[in-house]
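Here the structure comes first, spelled out in structure tokens, and everything after it is commentary.
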There are 2 protein chains.
Amino acid sequence: MPLRLDSAAPDFAGAFDLLVNARREADEDVSRDVAAIVARVRSEGDLAVRDYTQRFDRHDLDAGGWEIDRATRRAALDGLDNDLRAALELAAERITLYHASQRPADRDEIDAAGVRLGARWRPVDAAGLYVPGGRAAYPSSVLMNAIPAKAAGVGRLTMVTPTPSGEINPLVLAAAEIAGVDEVIRIGGAQAIAALAYGTDKVKAVDVIVGPGNAWVAEAKRQLFGVVGIDMVAGPSEIVVVADGANDPVWIAADLLSQAEHDPTSQSILFTDDAAFADAVAAEIEAQLARLATGVTARTAWEANGAIILVPTLDAALPLVDRLAPEHLELAVADPDALFDRVRHAGSAFLGRHTPEAVGDYVAGPNHVLPTGRRARFSSGLSVLDFMKRTSFIACTPASLRAIGPAAVALAHAEGLPAHAASVAVRL
Amino acid sequence: MPLRLDSAAPDFAGAFDLLVNARREADEDVSRDVAAIVARVRSEGDLAVRDYTQRFDRHDLDAGGWEIDRATRRAALDGLDNDLRAALELAAERITLYHASQRPADRDEIDAAGVRLGARWRPVDAAGLYVPGGRAAYPSSVLMNAIPAKAAGVGRLTMVTPTPSGEINPLVLAAAEIAGVDEVIRIGGAQAIAALAYGTDKVKAVDVIVGPGNAWVAEAKRQLFGVVGIDMVAGPSEIVVVADGANDPVWIAADLLSQAEHDPTSQSILFTDDAAFADAVAAEIEAQLARLATGVTARTAWEANGAIILVPTLDAALPLVDRLAPEHLELAVADPDALFDRVRHAGSAFLGRHTPEAVGDYVAGPNHVLPTGRRARFSSGLSVLDFMKRTSFIACTPASLRAIGPAAVALAHAEGLPAHAASVAVRL
């Protein structure tokens, strides 16, 4: 049974603390294995990549090919069912529109002292996109990771994906083709991340690496952070639904299960101010679980990590939501803005009764790569900013340097840096 | 002697590759020591922090105090020399103005399909600022790290700084007071980072940790990335100056030495199209080194890592500059914009003959915490964005869900996620 809490109960604070601090992320320590793989790829290059790929993926890169060529990718796209292709293209179009308007504006202004100050944004030269092999490879994730890079103006986008025993996922290839991925290389694991970061003869180095992966991939990205830019650390998916009793329990149950079906470690939490509605949703979840093809996973996640929390008013749920800082927050009420205005921490919000979270996973436009595990307290979903960087600039005239330079001279001397002081003073 | 290269020489490509790939960062492996400290602080809290502080800083926190109280910080500010105080206040005012206008705009719009889409930025609740003890503690760094947090609207800003044998740096305290730091705790090292990340009884947890530190501090931040947000990995400082023969060699020599005096691992590189000017700068550097109080450090850095590179035209230097992706780039020419327009990778640019890099270290306004070691290829200087995060949002009406929902249903089924499909389908 999922957790059932009442915020009016005397032991609520402690029980909610436990829920907030429950760790759903595996704490597998693969750091030493990953360090060894990274070091070997760095020193031996393709030889190491080929060897690891043979060993872990049972794919011979030299015999079976390093790249998946353009023709194969086009064929995967052409082989798609028409409806599915139209759906992927609609998704790509909407994601592109949303992300294109994330491009930040440059600044260039002259301030009161006469100093010209500004900042200029430019895309990185090349980005790498990791796509897992097998079950966890989703075409929607390819779109969500690749399109922001293209919208940022990245020159070369390299996708890496393991092809265990040579197996290729055609849906993923079709999505890569739609998103405009430039090259696809059949490598995975920590060795793929290391090859992208340092570059080898066969794999050109990139500047930023994004995309989900297993514990080895995540650890390799963490170890190579600083050699390249990386996206956020990803954990199990989660949803918090805040709903009043006027909702259809069938809809809300479906929303809670849409996250639960991802993985046994996924989390779904309902806040409501209506005890009868809470009961109705709980019963409806049981009914839907019984006929859901992914019911075994969803039941495991719901019973291990799910929760229904009764609050006296929905307003009272908001500080609790902020503590959870959920990846997905659904506000299923008639006036969602009144609640949303007071939410500080959430990856993405789904406003009103007609916005199921799943519409954001695929076609709404905003990114579905979002901070999990309370990381919305300090981080944001993937965006064009992950593929761009800013160069600030300063231009003084003789007069404006005379205005602000003496203060720089004073501070440099106070910090014991006389050459800093001299470089300003000689110009005054 | 520093390196002297001519881009027309037959062996230039190889020699420049060596310069680009030279590693100036110590590769000290402290990961296991740091992991042990982090784990102990996490499980034992203040007991562990007190013990490490006694051992590493010879400061007894319980007897000598955990916090540096407001009165002590005010007294440090009141005790400042008037000129120095005015210089710090001018710097703080200009840094505040520049960073306040970095605050990103929210979005809220309705698209062609009738879907409301947007994004909302909010500050993190609390931030931690690491300030080293001893020689590397600069009041200007306190301003540069603290002010963006305050400009972002962060509610609580906690500074941590080791006070070895009880010693406190009054300049640093005065800067903290000017910048509006909320509390100052006398701890340092990996134990301080762990305490800020996990929280203890005495040290409240924060959401983001910024600020420079030694190898232990840097490794602790890397290990705790994901538990909290962190800023970039910092390496030795560096400057690239692109200058024509019309410059005063005295000025350019001073600029090159202003980075060299930081640390023996600092790097200063001059690109020029005028061989006689190159000779004049080299000679002038020798002359200035002879009378510079920080001459020993500056000479070591200049001879080990410095370079003068002759190019046929300054335009020809730009692709080389992009490969170096320097922290600081000075374009000491009459028309710097013509060059700057073609630069893709630099942390900060200093345009024209009257903009010595040091003016940006202190008073210009843009941040002096900048990407080093070629990281300007993929990362940016510190900004208010490091202390804010974005919540995207989506709101469908029944009609707009009918417009885009079917595509989501199709994609969810294709990905084998029937509960995702159902959560949309039940509403159609």
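Glycine is treated like the rest: Cβ placed from N, Cα and C.
Caution: TrEMBL annotation is automatic and unverified by curators.
The shown structure was predicted, so the numbers you read here are calculated from the model rather than taken from an experiment.
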Given that TrEMBL assigns B:Gln259, B:His262, B:His420 to the Zn(2+) site, pick the one from B:Asp201, B:Asp315, B:Asp361 that the record assigns to that site as well. B:Asp361
Can you match one of B:His328, B:His345, B:His354 to the substrate site that TrEMBL gives for B:Ser237, B:Gln259, B:His262, B:Asp361, B:Glu415, B:His420? B:His328
Based on Cα distances to B:Asp361 (substrate binding site), point out the closest of the recorded positions B:Gln191, B:Asn214, B:Glu327. B:Glu327
Based on DSSP, name the secondary structure state of B:His420 (substrate binding site): helix, strand or coil. helix
Among B:Gln259, B:His262, B:Glu327, B:His328, these being the recorded positions, pick the one whose CA is nearest to that of B:Asn214 (NAD(+) binding site). B:His262
Check the DSSP secondary structure of B:Tyr130 (NAD(+) binding site), expressed as helix, strand or coil. strand
B:His328 (substrate binding site) in three-state DSSP notation: strand
Counting other CB atoms within 10 A of each CB, which of the binding-site residues B:Gln191, B:Asn214, B:Ser237, B:Gln259 comes out lowest? B:Asn214
Between the Cα atoms of B:His328 (substrate binding site) and B:Gln191 (NAD(+) binding site), what distance do you get, rounded to the nearest Å? 32
Binding-site residues among B:Gln191, B:His328, B:Asp361, B:Glu415, B:His420 whose Cβ lies under 8 Å from any chain A Cβ: B:Asp361, B:Glu415, B:His420
Here the binding-site residues are B:Ser237, B:Gln259, B:Glu415, and the Cα closest to that of B:Glu327 (active site, proton acceptor) is found at B:Ser237
